[in-house]
Amino acid sequence: MTIGSTPSSDSPVAYAQEDRVQSILQRQLDGLPTVPSANGTVFDYMGKLDLFLIGISTLAAIVAGALNPLLTVVYGLVVRSFQKHAHGVDDGANLSSNVSKLALYNVYLGVAEFVLIYIATVGFYHTGERITRNLRRVYLRAIIRQNIAFFDTLSPGEFTARITSDMNVIQEGITSKISTFLTALATFASAVVIAFFEYWRLALMLISTSLLIGGAEFLGAIYALKFSRRSSAALNQGASVVEETISSIRHVAAYGIQSAMRERYLKHLDLGETWGLKARLSVTFMIGTMNSVPYLSYALAFWQGSRYVVTGEMSGSAVVTTTMAIIIASFAVGRVAPSAESMVKSVVHAGVIMKAIARQSPLDPLTTEGRTLSDVHGDVEFHDISLVYPSRQSVQVLDQVSLHFPANKTTALVGASGCGKSSIVGLLERFYEPTGGYITLDGVDITHLNLRWLRQQMSYVVQEPVLFNRSIFDNILLGLNDLGQQRTMLEARELVHAAAKVAHAHDFIMALPQGYHTEVGTKGLQLSGGQRQRICIARAVINNPKILLLDEATSALDSKSEQAVQLALDSAAKNRTTIVIAHRLSTIRNADNIIVMGKGVVLEQGAHEDLMALKGAYAQLVEAQQVDSATDGEANGLLSSSEDDASSDGKAGPFEVAETASSHHDNYLANDHGRLHDSRPSFRTYFRVVRKLNREEAVIVLIGLLLCILTGFVVPTQAVFFAESVSAITLDSTKYSKLRHDINIWSLLFVILSIFAFITWISQGMCFSRSTERLTHKTRDQTFQSIIHQDIAFFDEKKNSPGALTSFVSTTATDITGLSGPIIGSSLTFIAALAIGITVSLITGWKLALVCIATIPIVAGCGYVRLRVLALFDQRVRKTHEEAAIYATEIITTMRSVASLTLEEYFLDEYTAILSRSAAQSMRSILKASALYAASHSFTFFCGALAFWYGGTLLAKDEYTILQFYICFGALISGAQIAGAVVSYAPDMSKALHAGQEIDRLLNRAAQIDTQKHHQHPTLDHHGAIEFQNVTFHYPSRPAHPVLHNFSLTIHPGQFIALVGPSGSGKTTVLQLLERFYAPTAGQILLNGVVISDLDVTEYRQTFSLVSQEPVLYDGTIRENLLLCGADTAADDEVLLQVCKDANLHDFILSLPSGLDTPLGTAGSMLSGGQRQRLALARALLRINSPVLLLDEATAALDGASERVVQEALDRAATRKTTVAVAHRLRTVQRADVIVVMERGRVVESGSHGELMARRGVYAELVGMQRFEGV
């Protein structure tokens, strides 16, 4: 493999060098070698209390399970008493006395079962929640301590899926499912011991059927595990598509690529469905075997047992006890079946989580290893540094570069976009490891220094400002290294205010309604780009760092702001080492040393005057940035008004959406009460949603339901067969011939019943496997579709962050299956069996039947109340986990900033606090739910006791025969057990009902600006004039604070309109209203005389091509990103390369080994900022049929040479298109037909460049501030 600049020599030295480079790159991708003991289990994260509780719970579950088969011993003794009475050995009084004692034993067992199940349930739920809470924290800790190369390959969507739905599956697997497993295992062991104690030969023979069930379960689990792992991998890739789509929803909406993103998502969903269906079919085979083989056990038991009875080796009651014990053992194995899928998924997801936790980071920010220096001067040197990025190994980014950044001096890095400037800063921050050379700080190799300490010596302001979802005050305060230090609020306020004043941010912050307490929203999108950048600068200077790193720190600022902030930065640069990356050469003119770079090497360096004298690369860059105006020198003075007002020009609009008449309707995540109190989850809502989503599978579902009813006949039929067999095998010793004859008949019927059960279980399983996979597929698809077609105000709501919505799509699709597939099939089968059993019992013996039937509602009632308690419990837990997931996802998506600010421990502590917030409430819910769950289990014993007592009384009075008792008892006691089985699905039902409620609310939410409705509208003339008529606008979160005030503007076809003015003046808001991201509060916007709200929004948006200040790219190749333009996706390479040439990206693409098929990484991370912007511009130019070009600081991230070429391309495009450009660099809009100067949401002046310069007004003042003097 070629790595960077491959050595031309074939000498051993060259090969050794290449191997060393490959080792460095691979180490960053794969991590350090994992210690053998690192891959543990989730139970490794138990504390001492957890260990104690899990031990007690395990013991309780095992003992509870072991008590279950004792019912067979009691039952055998009852059979013996009945047999003695039938044979005349005991009279009615003795029978009544014996049965009453045996019934009392059942009561004792029931009480013990209640206590033990309660302890086990409380213990497992509580420890399960504690363990997964700890696991979430450990997983996040493991992730955020990884090196940056790891995050180049980790998509935020995959991480969100891991820490939400995957963790939920794991928690389920170590709570209710593991409890069920342990109980069933103990039941199996106890039952086998009882069977062998009664008669080992028959038990040994019957145990083969249990082994058959175990074998089926083993094979089913193996294949289910294999297929589930593949399905999970595909769905996690799909989650990444969801996350990147929602994160860039404005771009998606503007370009109308909702369908394209959906198609990308569907590819992963289809693959996940294929493997998921195979996994479910594996489980279906397992369940079918486990629910049919026990009837073969009955056949074999009675057939062979009758032989032992004839020979006198066993009594009839012993046969019954042995048979029932083995059957209970078989069903104990079968009881694990409904949990099989959850257990399998839990193992799969836990394995992935544990692998991530075990990864050893080669650049660990949390390690305590490494030196610290007592006195830092700030002298930095690069010695023969070479760099190749691990995820782009074919490109040599830096090639043996040697640089010196003297202490307490300002050094500037300039050069073409992609020349390696930002890479130098990244190496100093140790985001990556150099492939050659070394870096020193005060003469010490930085690899010998503690990584956290090293980063704390620096403050880094990046080109694309990153803020966290909290208040402005807290964002600035996060710049302090010693966040844990106790400070008074007054001290903290003084520090924050001082830093904000240095960054020229204090005035605009104080003008906001909430001032420093204003929430900035996800990624700070409530503020404009310039406002965000100033807050980032304040965060950087608050720590008074020894080294200040500025990567295009003022690129998003207007002229006045830039001038003021630049003065502040110049002042802040004193007495510290400052490294400045800049495209605006006016900002670094006074630097002590200017280093000019090109293609990863140093071209020239020196002071400004020296470099200008050389008339080389630097002089050419300066010349390209000259403002071409003869009148520039006449402009002077300061703006008379404040540059900022409380409005935001709304890079993405305010993130907090208040519950106003226009915004609160139907927002399913609109407020903290939405999940708990809006409306209660209901079966009606759930089935309405499922019916809608599963409409195409209606026939399959109906067939499955019919098969469920047929399967429901199996249990009561078995009760009749069993009663007849027991009656036959307990016949008097003089009737052995009839005994053998009857037993042969009933054994044959058991075989037939087994075959029938296998066919019906397998058939219904196939039906529901198909319908369930389609349900999850369509749920993900429909929720994703519904979300991406919501209006932009929906995404401004704090609760509807990308992390929360990505989690919603994944989690609800999993949860909604809690009343479908195997669970709904089993539930319907059990309900049918219960109904048929009651009917048979009433016909056979109505007196005993009525008494036993009376107990069933009690069991069912316990289940219902438990379901309600669990529903509320589930909502609280999910709300907490969702909040934590949103928080964790924000950390991961801003990892470079988190690492640079050394906030890993701080954010971990906050994340842990969020997880622990509802622990007390959860415990109360667990206690209530567990009591009801235990009651539903113990009532099986109480029902048996009642049946024994009353049945014995009826037999003692000769009112009933033994056959009547056996039929009633078998049908109704199994009915009570069935009710308990249905109740055991309560957790899954609870999640399903809740998911159904949320999905229903989302799918029925009507977007104010609906892109899915294609209504009749006037003929759309794309080339018509655009007119703003007295438009007033405020964001929904601030209705009392208009962003635009009676704004009027006419844009004629073919015109080039430029919008200029201070940050926060409303420029970008104009573009957002043009794109119909929002509707005006007052006034109207017209296209060719037609109000745009009357036009089809999808067709209307095809009018525009938008290039934003912060480019949006997706995980994929260059070709795929270009084709995501909402235009002709069949464009050939010639067309693609031509638009790249127009955007000055052609040569760079041709230099790549894979050309247009080069992967870009997550969000285009493999490209520099300028390269990303040029690619976004090329994509906009590809929309050749869009007559209007919207440019929001489209060239802000470009170097001088690139900007000049791209500006020429834009000028050419402007001759063919109507162009509306927002600009701070006024040289880019000199040729505009009309320049509109805005302040505080109003037009203060307009005209051509020459006209406005002649007026010597606000525009002339702005130009004067940008004049590059002395050149």
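Even glycines carry a Cβ here, placed using N, Cα and C.
As recorded in TrEMBL:
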TRANSMEM  51-78  transmembrane segment
DOMAIN    56-345  domain 'ABC transmembrane type-1'
TRANSMEM  105-127  transmembrane segment
TRANSMEM  178-197  transmembrane segment
TRANSMEM  203-225  transmembrane segment
TRANSMEM  283-303  transmembrane segment
TRANSMEM  315-337  transmembrane segment
DOMAIN    380-624  domain 'ABC transporter'
REGION    633-654  region 'Disordered'
TRANSMEM  698-723  transmembrane segment
DOMAIN    702-991  domain 'ABC transmembrane type-1'
TRANSMEM  743-762  transmembrane segment
TRANSMEM  823-842  transmembrane segment
TRANSMEM  848-869  transmembrane segment
TRANSMEM  931-951  transmembrane segment
TRANSMEM  963-986  transmembrane segment
DOMAIN    1026-1265  domain 'ABC transporter'
With the greatest number of Cβ pairs under 8 Å to the transmembrane segment (105-127), the stretch among 51-78, 178-197, 698-723, 743-762 is 51-78
Near the transmembrane segment (743-762) in space but 6 or more residues beyond its ends, with Cβ under 8 Å, are 284-285, 287-289, 291-296, 298-300, 302-303, 306, 707, 710-711, 714, 717-718, 721, 724-725, 728-729
The answer for the transmembrane segment (178-197), taking Cβ pairs under 8 Å and residues 6+ beyond its ends, is 57-58, 61-70, 72-73, 117, 120-121, 124, 128, 203-204, 206-207, 210, 321-322, 325-326, 328-329, 332-333, 335-336, 339, 343, 984
Of the listed stretches 51-78, 203-225, 315-337, 698-723, 931-951, the one with the highest count of C-beta pairs below 8 angstroms to the transmembrane segment (283-303) is 203-225
Among 51-78, 315-337, 698-723, the stretch with the most Cβ pairs under 8 Å to the transmembrane segment (931-951) is 51-78
The average per-residue pLDDT within the domain 'ABC transporter' (1026-1265) comes out at 82
